[in-house]
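The region 'Disordered' annotation in TrEMBL covers 36-62. If you look up TrEMBL, you'll see 93-240 marked as domain 'Glutamyl-tRNA reductase N-terminal'. As annotated by TrEMBL, site 'Important for activity' applies to His186. The NADP(+) binding site annotation in TrEMBL covers Gly245, Ala246, Gly247, Lys248, Met249, Ser250. Under the heading domain 'Tetrapyrrole biosynthesis glutamyl-tRNA reductase dimerisation', TrEMBL lists 381-485.
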Amino acid sequence: MTSIRAPAVVSTDDCVSVGTRSCPFFKARSLPNAGALPASGHPRRHLSFRASSDGPQLPPSHTAKLSSLAALEQLKNSAANRYTKERSSILVLGLSVHNAPVEMREKLAIPEAEWPRAIAELCELPHIEEAGVLSTCNRMEIYVVALSWHRGVREVTEWMTKTSGIPVGDLRQHLFILRDRDATQHLFRVASGLDSLVLGEGQILAQVKQVYKVGQTAVGFGRNLTGLLKQAITAGKRARVLIVGAGKMSKLLVKHLLSKGCNRMVIVNRTEQRVLDLQAEFPEADLVFHPLSDMMQCTGEADVVFTSTASESPLFFKETVETLPLAGAGVGGVRHFIDISVPRNVAACVGETPNTRLYNVDDLKEVVAANKEERRRKAMEAQVIIEEELRSFEGWRDSLETVPTIKKLRAYAENIRMSELEKCLSKMGEDLPKKNKRLVEDLSRGIVNKLLHGPMTHLRCDGADSRTVSETLENMQALERMFNLKTDMSSLEQQFRAKAEKIQQ
């Protein structure tokens, strides 16, 4: 994962910002006899102008002026086309406990109640399409979808300076900036607790969930960030430890797991008070209580299950364990039961269940020896999970590219349907009953829908399979060529809407 230092503020001489106050010269009219700027040209390079051979020759000063105006108009069109061809970038800019002092993080911290306001302000910036805020005691991160990534970096950096009062130069020394895949992977690591001060810290997942929850009520938190946060939450949930019992052995177990970097644990117990006592003794732990009635549900959601109760008979049997769903992909779908109770809480037959491993107190020494590198191994397993969720999110985002084609194809077909329907009804006479009109219209709509079913099916995918995404995008390009869908469909849409209104009258 690479980090980009914040660039110096870019002037309008270096890059032109389309449609903003920094480009007033874009309001100039295009001139019919002006020369053209080469496709790769710059308004200061290789400009040439020659008046039309049919008209009088213009003075050199007038020629230069017209040439400059034409070049700027050409640059405007070139930039606009580039923006329509490039996909927006996902960016994260922020400070964390790893790279910024607490004094700076305090100045940039945004209370949760202020997140919607911050999102709205960020989305008012010229090149920011979506925005989200994650502000905790250990980090302050701004996630945005930017039309132009380098302009987005500049605008968000300036906004952070304006909000906090920290000079740009001081901010750049500690600011980290990540783009697209690196930004997505970073959020997944954050949600999984792998970027926390203590590896495996679970509280951050709840904070990421809160970002998603607040974002649903904020204007500017669009579908890209919604999809990204949902995938990050899924990645953060996929490594779970369950402890059955909250006695003395469970207390030692919590302490041991904390030392190994595991902070989030689900504890099933008869009463909640003992879990509250453990939480008070280990405030750095994220302990979630569930009653015994939830034991099998919690087991089905866990990758590792520790049992330590005073029960004199087993709590788990083969016939109940084999009905549970598989454990997470991060542990290869294998659930581990570690029974440290005497008498045993897990029947020996559980070890015969497929995709299950059972250890008891006699195996404990071997387990401890095998887990000397547990913290490192868990981090590597979590990284596998992150890569998997990252590919899934990227596939989903790629699949969104077909949405405009679907709309254009349906608009194209609907325009033809309405045109032919109007011709048919006009030939059938004005005295045709309304019921018959509806029947003819329903017939035409049914034919179009059935004809479109096949193409529409091949333009939709869930993004889970990269091969399917690739095939879907190929289908999209083929349909755009066959039906000439790259043209602007807005006029066609207006036409068929007008015809629909006329027919309904």
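For all residues, glycine too, the Cβ spot is worked out from N, Cα and C.
Bear in mind that TrEMBL entries carry predicted annotations, made automatically and left uncurated.
A map of TrEMBL features onto the structure.
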{"residue": "His186", "record": "site 'Important for activity'", "Cβ within 10 Å": "23"}
{"residue": "Gly245", "record": "NADP(+) binding site", "Cβ within 10 Å": "24"}
{"residue": "Ala246", "record": "NADP(+) binding site", "Cβ within 10 Å": "26"}
{"residue": "Gly247", "record": "NADP(+) binding site", "Cβ within 10 Å": "14"}
{"residue": "Lys248", "record": "NADP(+) binding site", "Cβ within 10 Å": "9"}
{"residue": "Met249", "record": "NADP(+) binding site", "Cβ within 10 Å": "18"}
{"residue": "Ser250", "record": "NADP(+) binding site", "Cβ within 10 Å": "23"}
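Comparing Lys248 (NADP(+) binding site) with His186 (site 'Important for activity'), their Cα atoms are 38 Å apart once rounded. Under DSSP, residues within the domain 'Glutamyl-tRNA reductase N-terminal' (93-240) fall into helix, strand and coil as 79 helix, 24 strand, 45 coil. Taking the Cα atom of each, Gly245 (NADP(+) binding site) and His186 (site 'Important for activity') are about 35 angstrom apart.
For the NADP(+) site, the Cβ centre of Gly245, Ala246, Gly247, Lys248, Met249, Ser250 serves as reference, and the other residues of the chain with Cβ at most 8 Å from it are Ile243, Lys251, Leu253, Arg274, Ser308, Thr309. The two recorded residues, His186 (site 'Important for activity') and Gly247 (NADP(+) binding site), have Cα atoms 37 Å apart.
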